[in-house]
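Participant: Supplied in structure tokens, the structure appears directly below.
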Amino acid sequence: MPSIFSYQSAEVDWCESNFVRSAVIAEYYNTISNVSFFVLSPALLYLNRDYCQKKAVPLYFVSGLLLVVGAFSTYFHMTLSYVGQLLDELSILWTLAVAYSFWYPQAYFPKPLGGRHFLWLTGITTVISTLMSFVKPTLNAYALNCIAFHLLYMTWRELKKCNDKRVHRMAAVMVMWWALAITSWISDRWLCWLWQAINFPYFHSFWHVLIALSLLYCCPLVIYFDVTYEMPSFKPKLEYWPSDSWPVVVPYVTLEEPHKQC
Ligand SMILES: CCCCCCCC/C=C\CCCCCCCC(=O)N[C@@H](CO)[C@H](O)/C=C/CCCCCCCCCCCCC
Ligand SMILES: [Ca+2]
Ligand SMILES: [Zn+2]
């Protein structure tokens, strides 16, 4: 019986052929494309430094966990081991749980629950999901992907109340990257026969890059609403890096202090 750490002991095997470009890395492109998470994390911290200076813990925590996701995903695609698969999925689950605990707007808390009760609910749900994730690991990734639909729903509700064109534009670009990402993920899972027939089985590595791009837009959006709701003494402003006039830009949030009266 193979050990849970051994190569190819995972329940899933992505479309990319194994050990083609390296004798030690099972899925070469799926492994190296995780570099996206190692770029994403410092980029979020650097660009949104105004927010970090005022409220350091949430973004440091989430960025740190995104590095952990990148590291476990690298290990998973390198080995395709059962442990690698679970570490990859559980690190995503816990990153989402931490992000929800820090940033979920109070306005959306289930009616009878206050702040501390919501944290308990998130914690208990995450622990139960962690235990259940050992039952059928292949289903975990589908369940995790469903969380994006809840984020889409919250974004839609917030946009209805927001007149800032920049925020709408940022949300639209985020949704575009996410739609491309999820299409790549699904097509790698379901249409592998087709991609292998045309010798192009690389859609899962596109997913890594595209989901990191969508998070590069999602995090400033969440920060924007967090400042609006939770830091009323500041006004959030969306800026684009490197500058507004570039065709491809990365959004980030700066904080403006409303003019103080002497
Ligand atoms: C108020 C809430 C704020 C939420 C902030 C968002 C925090 C995001 C946290 C973690 C997401 C990391 C996802 C990276 C996955 C990389 C690893 C990977 O590719 N694993 C695959 C196997 O190699 C596995 O099959 C993938 C599983 C599915 C993961 C689904 C993650 C959903 C993330 C939602 C992001 C939404 C962005 C835009 C939404 C419209
Ligand atoms: Ca494979
Ligand atoms: Zn992956």
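Residue numbering: from 1, along the chain as shown.
Cβ from N, Cα, C; glycine included.
These figures come from a predicted structure and were not determined experimentally.
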Participant: Do you know which of His77, His117 TrEMBL groups with His204, His208 in the Zn(2+) site?
Facilitator: His77
Participant: Of 59-78, 79-98, which span is tagged transmembrane segment by TrEMBL?
Facilitator: 59-78
Participant: Beyond the listed site residues His77, His204, His208, identify every same-chain residue whose Cβ lies within 8 Å of the center of their Cβ atoms for the Zn(2+) site.
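Facilitator: Apart from the listed residues, the neighbours are Trp14, Glu16, Glu27, Tyr29, Asn30, Thr31, Ser33, Asn34, Ser73, Ser205, Trp207.
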Participant: Consider only the binding-site residues Trp14, Asn18, His77, His208: which of them have a Cβ under 6 Å from an atom of ligand 2? Write none if no residue does.
Facilitator: Trp14, Asn18
Participant: Can you tell me which parts of the same chain pack against the transmembrane segment (206-227), counting only residues 6+ beyond its ends and a CB-CB cutoff under 8 A?
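Facilitator: Distal contacts: 30, 33-34, 36-37, 39-40, 43-44, 47-48, 51, 55, 58-59, 62, 66, 73, 99, 103, 105, 151, 155, 158, 167, 170-171, 173-175, 177-178, 180-182, 184-185, 188, 234-236, 238, 250-253, 255.
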Participant: Does His77 (Zn(2+) binding site) have same-chain partners at least 6 apart in sequence with Cβ under 8 Å from its own Cβ, and which are they?
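Facilitator: Long-range Cβ contacts: Trp14, Ile25, Ala26, Glu27, Asn30, Thr31, Asn34, Gly84.
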Participant: Among all chains shown, work out which of the binding-site residues His204, His208 has the most CB atoms within 10 A of its CB.
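Facilitator: Result for the most crowded candidate: His208.
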Participant: Between the Cα atoms of Asp13 (Ca(2+) binding site) and His204 (Zn(2+) binding site), what distance do you get, rounded to the nearest Å?
Facilitator: 11
